[in-house]
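Summarising the annotation, TrEMBL assigns transmembrane segment to 18-38, 79-97, 109-128, 134-156, 168-191, 197-219, 281-305, 317-339, 381-406, 418-439, 445-468. Annotation source TrEMBL lists domain 'Major facilitator superfamily (MFS) profile' at 25-472.
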Amino acid sequence: MPAIVVSSDGKGDFGGKVTFHVIICAIVAATGGLMFGYDIGISGGVTSMDDFLEKFFPEVFEKKHHAVENNYCKFDNQFLQLFTSSLYLAALVASFVASKICSKYGRKITMQLASVLFLIGVLLNALAPNLALLIVGRILLGIGVGFANQAAPLFLSEIAPVKYRGALNILFQLNVTIGILAANIINYFVADIHPHGWRIALGTAGIPALILCLGSFLITETPTSLIERQRLTEGMNTLKKIRGIDNVDSEYQELVRASEMARQVKHPFRNLIKRKSRPQLVIAIAMQVFQQFTGINAIMFYAPVLFQTVGFKNDASLMSSAIVGGINVASTVVSVVLVDKLGRKPLLLEACIQMFITQTAIGYILMEHLKTTGDLPKSNAVWVVVLVCLYVMSFAWSWGPLGWLIPSETFPLETRTAGYSFAVSSNMLFTFLIAQAFLSMLCTMRAVVFFFFAAWVFVMCLFVVFLLPETKNIPIDEMMDRVWKKHWFWKRFMDDDDDKRASKVEMAMGH
Ligand code: BGC
């Protein structure tokens, strides 16, 4: 095994510039986030368009236009929800496959595959003659998203100079929010194009995928991936190119050492269930599960539907969703600026309070004023939009980006990619569940659904206070000593039990 090399400043900073090449690579890879975001934003608008409903979901179309239909139930249809949620189920399975392809064949090819599968899905969606092909298209989009969400953030972290790693990671989430906003705006403009506006909305998803596909020919494979696959000289040359300096020896040695160590761990997934990995695994999964239990996607997927439920007409509800999308982008920028200064926990806690208050207030207004039939009084409907904006704002500078950032910075190298794929798939699983269940929950629980999410936010607040360690400004490779071994609860998992047990077994075997 090569000698352990410490970076020049002992903190993991190997020097090197932010080169033009790194910027191009980052822009291209981050379009993976655009693909994901566009999908999140587009389905709500499309599923509230009459032409689309009439063609694929005539029952919902009928219900929606039925004068005395129950407000809370007019969109409740398992197939309509399946249209939205099938994508995430496919992405969930795909992220495990993607984690293998990523380490065996590289990040770049995984992103290329993502964009091609996604493009085929877009074609099927935009041209779909029937519901079956529409759903097959969504599944292909889902596989594309699963591949891209596993490879792109990993790619970004690996090409980034160490001191910009956090900011580059949030670049992915920023692109997710830009994708959602773009979809909201497109929904708004195509809603009046009859009868094929929805085809344009679904077809435009091809743009970010095309950028990723063509752009991927300009980018390089990451040095980590090349070295991991024993292409050492290529790895060294790529490192020189993306860092813009000739002396990359210490970073190169570090990558070789890391890949040697990772190679010794034959079964990263098995390693992940060891006692010592439990704190990181629990935190990574909990961050993603809780991120979804904020109820954010009830808003992101169904905002136009929700705004129609409270009485806005088509245009006004699509316009309100676009405003929500704009606030989502702007507040994510706030997170980029504050996350390394204030720390992760203060942002998460502040957001818990803001989300709890706004959700409870929305629930209260709906309960008091939105009866089974008829619209909300105008002033109340405006209040609902304002509260939704305040709610999204707090999500966007906290659980949104940090749901992805924290899992990426807590695992030690030997379990990082396997651990991260659990984070991605937990996200997809719970996104699927919320997408599939929300409209039915709205129908059966009515306004109480907002109290349901507020209750989860309360639980999340306790989780942050007692169980989540602060990881601000701590180099990833010092997490073990400086975070986990010092935490009042998690330190009990750090007693090296597995190592002791392993050496006992070796002694018993006479080694
Ligand atoms: C979440 C998505 C959500 C989006 C909203 C992402 O971090 O994973 O589920 O729709 O943020 O901006």
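Backbone N, Cα and C atoms are what each Cβ position is placed from, and that goes for glycine too.
All TrEMBL annotations are machine predictions without curation.
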Restricting to the domain 'Major facilitator superfamily (MFS) profile' (25-472), what is the model's mean pLDDT?
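Summing pLDDT over the domain 'Major facilitator superfamily (MFS) profile' (25-472) and dividing by its length gives 89.
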Report, as numbers and ranges, which residues of the same chain sit near the transmembrane segment (197-219): CB under 8 Å and 6 or more residues beyond its ends.
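Here the qualifying positions are 24-25, 27-29, 31-32, 34-35, 38-39, 42, 45-46, 49, 51-52, 108, 111-112, 114-116, 118-119, 122-123, 125-127, 141, 144, 148, 179, 182-183, 186-187, 190-191.
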Could you tell me whether the transmembrane segment (168-191) and the transmembrane segment (79-97) are in contact, taking contact to mean 3+ Cβ pairs under 8 Å with a sequence separation of 6 or more?
no
Any contact between the transmembrane segment (418-439) and the transmembrane segment (281-305), i.e. 3 or more CB pairs below 8 Å with pairs at least 6 residues apart?
yes
Is the transmembrane segment (109-128) in contact with the transmembrane segment (317-339), using at least 3 Cβ pairs under 8 Å (sequence separation of 6 or more) as the test?
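Touching, no - the transmembrane segment (317-339) and the transmembrane segment (109-128) miss the threshold of 3 or more Cβ pairs under 8 Å.
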List, by number or range, the same-chain residues at least 6 past the transmembrane segment (168-191) whose CB is under 8 A from its CB atoms?
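Residues packing against the transmembrane segment (168-191) from afar: 26, 29-42, 44-46, 49, 152-153, 156-157, 160, 197-198, 200-201, 204, 208, 300, 303-304, 314-315, 318-319, 321-322, 324-326, 328-329, 332-333, 335-336, 339, 396, 400-401, 404-405, 408.
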So what's near the transmembrane segment (381-406) in sequence-distant terms, Cβ-Cβ under 8 Å and 6+ beyond its ends?
153, 166, 169-170, 172-174, 176-177, 283-284, 287-288, 290-291, 294, 296, 299, 303, 306-307, 310-312, 320, 323-324, 327-332, 334-336, 338-339, 344, 347-348, 350-351, 354-355, 358-359, 361-362, 365-366, 375, 423, 427, 460, 468, 471
Which stretch, 109-128, 134-156, 281-305, 445-468, tops the Cβ pairs under 8 Å count with the transmembrane segment (18-38)?
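The stretch with the most contacts is 134-156.
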